[in-house]
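J.: My questions all concern the structure below.
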């Protein structure tokens, strides 16, 4: 039963917020009274073209007719639909050059010039193309299913007469009035009408759109506030005239016409699809844009058809093979024409003039005969081009995708989501990635902060260690105990426990500061991992500066905009805060004994347990003014009056901002606090400084007058006036201390980034969040570290430029890029690392055509790149620049709708299937539940899939060249007659049955090393990034191997059988016998070759390899026993001719051995004198040296890291260098003091 009434919360946030929720002057005029009629619309003209949309509120049926026939709310991310599937899928298949060739061959097979029957050409092609299209249909069906999961979500929609009922998202129309409850997603782009707060304020989380974790404040127009419950919409009507659909997330222009009044609309009244309602019980809104007209879908691009580099290169190889095919066909046709002209007349037994097809070999027209024979030869030698290659690869990739989907190491137990290969076309591309472009929010972070340390009155508090400190301590302890050799000796900083580190349970990092080696205990309180008895249980009152500590706790408990919510089960409070930092501060204040428990319109109430030891005392702090945080101010302040009547300004913000605003008397703790802030930064913690100021009544009254004047000002200068007013009061501060919180990344993110960095991958972060937040995340996940030189690109202030501002800003950005590039070139320190940090405005100029390559060159030279405040479109453009500019494989990973463009633009798109919607997943090629699974997806599955596909393709070309060229040799040997030496059934079964299953098993099960070794030796991944197994050297080598094998197979068989009897009775071998023997040699040789190629055998591979050889003999037996009408010349061939002849078996063994001997010699020489990385590891594992010789194993592991300047290992190494430098300085100073203290010899 839908509720028709609401209890509205009494907080009027618009009275508190300063910089947000500004009402337009037009709206204020409209509120003045009814005298302002509809004619006001003339003073509010919309900008013309591009602003033609008309929305009839609460009249959805009006938008089913033209000209208001807007799209439905149905969305689709599939490649195909029922109409486009056949044409698009067929186009996809026949843009493969091999399929196109076989289509032509199949068409020609119905003519008399074909050496094969039409069925033998058409059936394999139909099978290959049909199977590939079925796979495409299956994968697109999965996308459709996920689309429907979104389309079938339900929302409360006004049905009429003040009644709301559930309606599927895809049935929502423009003009519908919807009610959205707390923590629900908005089903379409809405105009906010009213909310659970009296003044129409609501909080929106846009993390899924722009990556920002801070909640946005939206506010409805004053005129729509009375629509506060379901019944009030019974007779509601209005008209919205606004901009047409566009991709801009941050702009909106329009007017609302209601009761003959016109009100201006701006982005603060618009709620975008896929953002979420937070901290607000409910809102009412009217639908403006639906489906693909919504801004989030406008930022999406059409699902592209992606092909891997291996597959594109395979097409070039097929072009080469096709050239070879044409060449040998030309040779054959030329030879046939010569034979026809010169020798055909003397071949009286052929009677060429009497045949039905005499024109095909007429001595009178040898040129025409040669042309006809060219077509015959093109079809005959078609086995040089493997038709089954594509279908075998499709089968292998589907099976590889199944193994990815079923990998329990990538299964998330919390959400129940496995990894999913949404398309199998790009499996091998996972092993060739050079650059990862990652979203931040929801991808790297889980939006949880833990209060870890603090500095109060110049004293550091908090004994818990960050992950950086723990890892550094482990490494130093291992070195002291002799457990490492170099670069950490392969020690895994993430393994549990302190075993193996000698007897030292902890190590001193700084004077008096110790770091426990044990892995920290899992915090019992969410958001609070602080451990220091000096501040707990009221012990802080015994510290040197209890008054300052008390003020520190009160700033944490009072200076914020959070809302407390009572948990009825536990009796405690949870906090709905704008940012995770605020939530962590309030939890910390509660644990210290200062619990924020209630907020009214004008006051904040805090239960203080100390200094009194009795029951908590609830104290009221009156909030007089609130100057909220934004990225420009980098600070937040509140003006309060305490219970004693004292006026105080409480302020928290970035240390650089706070320190600049300290008074001379307020800098007492600055030096010590700065030292602690540096230490916290080195430990990867996020820091804020806290300060206060006492205010006099007269001073405050004067300032408040100016402040209210600025707050109520209208016009473009309002924000500048507010900023100036804030600067007037936020000065002469007294420093209290600083906080250090650990940004809780998603589980395993630093480890994953560290492993990917060791694997040689570059990682860029593209986020819509502000620069400070992105930088803090960069430190938390070790993309940034202390000592890394930061290059920040940001545009100059346009307001300072009088003429041609855009040109001046662009020149300034170009100058910054040039100077930064020069600085990197002049750097001489081998350990120096650079980080490029650029914001969205600067990126706009950097991505312009004349500057983008210079920007890319700078970015490539930097160890890490962080792009902040970027729009979804810019994410896609940066991805395209990296992909096209470097020419290397890019992977984009994200979890929100704002990442869709980036995911689709990258060579590989990976979606995080979290809780923040499914748009990224639906647009992705692979989906995983958490970022940490990317490590296994790339380093293990990517490495395996690349090597499997590369070896498989090379082997395919080898076996088809070895088989196809024997046809050419035989035709040349028989006067270019177009005669095949093999039975038609042999040729059909060669690729379909007799050699296909072993190569499929190679592509599915082959492992050069195990998954554990892949993770222990991440540098192995570079074999794929460098394309070592599919470069031209290796491809040509395999082709040469095929050429050599074809020569051995043909000429050894001809040479042996030509000069001697075949059977005991003296019979010689006929064409059927020699053809079958040659085919037997081919089957044995190519299957023995694949056995030599494999490094990892399972029973399946053994059965398929040797079973293929056995299948050939069984087929030959069964085929020979069939009717002569079926078997023809092969009737009882094995039983009566081949099996009784010892020469048949001897030749088979001889030829198979001769074909594989060069490869055996090659790999033996390579393993002995020029081994690859995996060869060394295989030998170590085979002889169990990893168990018997731990020192050698550790040394090899230490060498298996790609040299990198990012990641946790690089950060720990930098920390170790710093600590060793300090230790060396101390030792030097002590040695100097000892020398000075020693008396000279003559004194003695």
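Keep in mind that glycine also has a Cβ here, set from the backbone N, Cα and C atoms.
Feature list, courtesy of TrEMBL:
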type	residues	note
DOMAIN	55-122	domain 'P-type ATPase N-terminal'
TRANSMEM	317-338	transmembrane segment
TRANSMEM	371-393	transmembrane segment
BINDING	439, 440, 441, 582, 629, 652, 686, 767, 768, 769, 869, 875, 898, 899	ATP binding site
ACT_SITE	439	active site, 4-aspartylphosphate intermediate
BINDING	439, 441, 895, 899	Mg(2+) binding site
DOMAIN	921-1171	domain 'P-type ATPase C-terminal'
TRANSMEM	956-973	transmembrane segment
TRANSMEM	985-1005	transmembrane segment
TRANSMEM	1035-1059	transmembrane segment
TRANSMEM	1071-1092	transmembrane segment
TRANSMEM	1099-1119	transmembrane segment
TRANSMEM	1139-1161	transmembrane segment
J.: Sort out for me which stretch, of 956-973, 985-1005, 1035-1059, 1071-1092, 1139-1161, has the most Cβ pairs below 8 angstroms to the transmembrane segment (371-393).
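T.: Ranking 956-973, 985-1005, 1035-1059, 1071-1092, 1139-1161 by Cβ pairs under 8 Å to the transmembrane segment (371-393) puts 956-973 first.
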J.: How many Å lie between the Cα of residue 629 (ATP binding site) and the Cα of residue 899 (Mg(2+) binding site)?
T.: 26
J.: I'd like the Cβ neighbour count for residue 895 (Mg(2+) binding site), meaning other Cβ atoms within 10 Å of its Cβ, all protein chains included.
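T.: Taking all protein chains shown, residue 895 (Mg(2+) binding site) has 34 Cβ neighbours within 10 Å.
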J.: Other than its own, how many Cβ atoms are within 10 Å of the Cβ belonging to residue 686 (ATP binding site)?
T.: 23
J.: Taking every protein chain in this structure into account, which of the binding-site residues 439, 899 has the most other Cβ atoms within 10 Å of its Cβ?
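T.: Counting every other Cβ within 10 Å of each candidate, the maximum falls on 899.
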J.: At an 8 Å Cβ cut-off, counting only pairs 6 or more apart in sequence, do the transmembrane segment (956-973) and the transmembrane segment (1071-1092) clear the bar of 3 or more pairs?
T.: yes
J.: Counting each residue once, how many in the domain 'P-type ATPase N-terminal' (55-122) are helix, strand and coil under DSSP?
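T.: Computed counts for the domain 'P-type ATPase N-terminal' (55-122) are 32 helix, 3 strand, 33 coil.
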J.: Excluding the flanking five residues on each side, which residues at least 6 beyond the ends of the transmembrane segment (1099-1119) place their CB within less than 8 Å of a CB in that stretch?
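T.: Result: 985, 989, 993-995, 997-998, 1000-1002, 1005, 1076, 1080, 1083-1084, 1087, 1090-1091, 1126-1127, 1130, 1133-1135, 1138.
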J.: Give residue numbers and ranges for long-range contacts of the transmembrane segment (1071-1092): same chain, 6 or more residues beyond its ends, CB-CB under 8 A.
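T.: Same-chain contacts beyond the flanks: 955, 958-959, 962-963, 966, 981-983, 986, 990, 994-995, 998-999, 1002, 1041, 1045, 1048-1050, 1052-1054, 1057, 1062, 1105-1106, 1108-1109, 1112, 1116, 1129-1130, 1133-1134, 1137-1138, 1144, 1147-1149, 1151-1152, 1155-1156, 1159-1160, 1163.
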J.: The domain 'P-type ATPase C-terminal' (921-1171): mean pLDDT?
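T.: Across the residues of the domain 'P-type ATPase C-terminal' (921-1171) the model's pLDDT averages 89 on the 0 to 100 scale.
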J.: Tell me, how many other CB atoms lie within 10 A of the CB of residue 869 (ATP binding site), whichever protein chain they belong to?
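T.: Excluding its own Cβ, the number within 10 Å is 22.
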J.: For the binding-site residues listed here, 629, 768, 898, which shows the highest count of neighbouring CB atoms within 10 A?
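T.: The residue with the most neighbouring Cβ atoms within 10 Å is 898.
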J.: What subset of the binding-site residues 439, 686, 869 lies within 10 angstroms of residue 899 (Mg(2+) binding site), using C-alpha positions?
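T.: Near residue 899 (Mg(2+) binding site), where near means Cα within 10 Å, the binding-site residues are 439.
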J.: Express the distance between the Cα positions of residue 439 (ATP binding site) and residue 895 (Mg(2+) binding site) as a whole number of Å.
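T.: With distance taken Cα to Cα, residue 895 (Mg(2+) binding site) is 8 Å from residue 439 (ATP binding site).
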